[in-house]
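Input: a single structure, listed below in structure tokens.
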Amino acid sequence: MSNIDALSINTIRALAADITFEANSGHPGAPMGCAPIAHVLWKDFIRCNPKNPNYPNRDRFVLSNGHACALQYSVLHLLGYDVTMDDLKHFRKLNSRTPGHPERGHTSGIEVTTGPLGQGITNAVGLAIAEANLAATFNKPGYEVFGNYTYALMGDGCMQEGISSEACSLAGHLQLGKLIVLYDDNKITIDGDTAFSFTEDVSKRYEAYGWHVQSVDDGDENTSGIKQAVEAAQKVTDKPSLIKVRTTIGFGSKNQGKESVHGSPLDVEDIKSAKKRFGFDPEKKFSVSQEVYDYWHKFTDKGVKAEKEWNDLVAKYQKEFPEEGAELKRRLDGKLPKDWSKDLPRYTPSDKPIATRKNSEATLTKLVEVLPELIGGSADLTPSNNTRWKGAVDFQPPSTGIGEYKGRYIRYGVREHAMFGIMNGIAAYQGLIPYGGTFLNFLTYGWGAARLAALSHLRTIFVMTHDSIGLGEDGPTHQPIETLAITRATPNMLTFRPADGNETTGTYICAIEYSDRPSVIALSRQNLPQLEGSAVEKVSKGAYVLQCPGKPDAIIVSTGSEVCIAVDAAKKLKEDGVNARIVSMPCSELFDEQPLSYKTEVFPTGVPIISLEALTTFGWQRYSHAQVGMTTFGVSAAYTGAYEFFNITAEHTAKVTKETIAKFKKVGHVPEISFTQI
């Protein structure tokens, strides 16, 4: 190792100690141990351009272990990204570019939001899938438009999380040769030595997954060994690679190798001692020599040159292949094709009843024709989710004979959590729109990743079928009750529960047009009628008047499969001389964003409002005076029997409506629903 290499590595170590001490929070140990790995990666391998952090063919780096964020921020600073020394000094402070864990869109150079362990490596699998698909789609002989590597840094915690096992198993099956993972094998977690809880042979596990596995025993000093291992990994094109690097957590500190340096800043004397060991002035904080800056800026010169060469290549590509070139530009610009939604399915009340999961299938079948960037799959529930269109080609290694990398249908297997995290990685790459299907009740199996989609402002589309007690015989283990209360409470997430075919089509239009928000689409198993008054365009308002016979005496607001029950309830009320307005609310979040004038047009003041949904009544108090819905788990029965058992019927809804009208007539006042607070 040269003197400048040693100086660079120790500079990162000292910065990590200063960053976490100044914030009185953070994890100095992993950055100090991983500094040689980071130095080798950026010196010898990673192509990036701080002047244009999002150039499409850049190599991706994912810090799966969010505990090492001080490492990543230090590296970004040295490379010349917009992470200033002031940001490092104000780590985890408000408005700093260095938040507590790396966040996509917050700090330039951060590809995905990590922190919850295992999410980052799963995102990395998605990034590698995206590269493989786009390379197979656009590359031509002599024109490698896409060919970047995805590098990820994992720790022992990531290795233990179930989501990483799901994702890495799939990555091995998919033979993602451009995915290279470095495993920081420091044998320490927050509880202490991994001997307490984690003694498996990780190398053998990954070999069983179908990965190429190597080990570097002395990662504290052996930078040449790390470099050689990455070079060897790059030569293996039909397997993802794992490089297990033995490091010492908190290298240089008095307590190196112990859990005490994992989750707490070093004390003043320990930092001074470490700096002396590194040959630095122990009294200086956040010290970076000009020599180190100059050396690291040379690394980025390679990235600047690589981008220029890529831009020149693409310009020639666009001339030789104008159709593909125009499509490439459109996708990378994030633009949708002109009139892409005009031929999507539309329905009339004379059309036969159909489950909205089947409406979804019909919409997806049309969408894949007009949106070549749409790529989707299912967690082993393809026939139930109806997520695969006729003639779809599976995304599979060509060597398997069951698909190709150009294919756009992903068989995720029984891996809900990994599917969601992988979708996040695909969405973060550029040029693709991912969707994935499972039962709505299993959304919570992968909730950690779904939540991060919202936090990360990613356009991931969760196609969730079997949306209520209406799935029937599978019983309460499969019947979602509380799930949509969670999604509706989540910032920056759209929750759709369409009532028929038109609303399903409108749902997909909204989900695709909102490029910075994930969408949860809850779809019925049972057939539903095509409703009088429904319209594709009205979904964008979130809620709208479906039917309104004159001045309303009451309003019944409903979603999904219960809207038709509300319509029947209104008919029964009409027989008793009660005019009930029916409001369909396919997306409460979009309704909340409408102007107050629209909200009061749909829900005029002084009119009793009754909500109807075969899910929890929790949350409906924001919109209604009385609620018909679930307050317990479901029951094993045919769906019609389940609805009757829980009184989610037209008869009961009409009864509750009349009782609510009578109640407010008695007191002479209908309490106002304060839509200004929504």
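Just so you know, glycine gets a Cβ as well, placed from its N, Cα and C.
What TrEMBL lists as substrate binding site is His27, His262, Arg357, Ser384, His466, Asp474, His478, Arg525.
Within 10 Å of the C-beta atom of His27 (substrate binding site) sit 26 other C-beta atoms, taking all shown protein chains into account. What TrEMBL lists as site 'Important for catalytic activity' is His27 (among others).
Cβ neighbour count for Pro116 (thiamine diphosphate binding site): 18 (other Cβ atoms within 10 Å of its Cβ, all protein chains included). Taken from TrEMBL, the feature thiamine diphosphate binding site covers His67, Gly115, Pro116, Leu117, Gly157, Asn186, His262, Phe442.
With a 10 A radius on its CB, Asn186 (thiamine diphosphate binding site) counts 26 other CB atoms from all the protein chains. Taken from TrEMBL, the feature Mg(2+) binding site covers Asp156, Asn186, Ile188.
Take the CB of His262 (substrate binding site) and look out to 10 A: across all protein chains shown you find 23 other CB atoms. Under the heading site 'Important for catalytic activity', TrEMBL lists His262 (among others).
Marked as domain 'Transketolase-like pyrimidine-binding' by TrEMBL: 354-530. The average pLDDT computed for the domain 'Transketolase-like pyrimidine-binding' (354-530) is 98.
Residues or ranges marked as active site, proton donor by TrEMBL: Glu416. Counting only residues at least six positions away in the same chain, the Cβ atoms of Ala379, Thr438, Phe442, Leu443, Tyr445, Gly446 sit under 8 Å from the Cβ of Glu416 (active site, proton donor).
Here the candidates are the binding-site residues Gly115, Pro116, Leu117, His262, Ser384, and by Cα distance the one nearest Ile188 (Mg(2+) binding site) turns out to be His262. Taking every protein chain shown into account, Arg357, Arg525 are the binding-site residues, and of these the Cβ with the most other Cβ atoms within 10 Å belongs to Arg357. A straight line from the CA of His67 (thiamine diphosphate binding site) to the CA of His27 (substrate binding site) spans 6 Å.
His262 (substrate binding site) sits 10 Å from Asn186 (thiamine diphosphate binding site), taking the CA atoms of both as reference points. Neighbours of Gly115 (thiamine diphosphate binding site), defined as other CB atoms within 10 A of its CB across all chains, total 18. Other than Asp156, Asn186, Ile188, the residues of this chain whose Cβ falls within 8 Å of the Cβ centroid of the Mg(2+) site are, in sequence order, Ala30, Gly155, Asp184, Asp185, Lys187, Thr189, Thr194, Ile249, His262.
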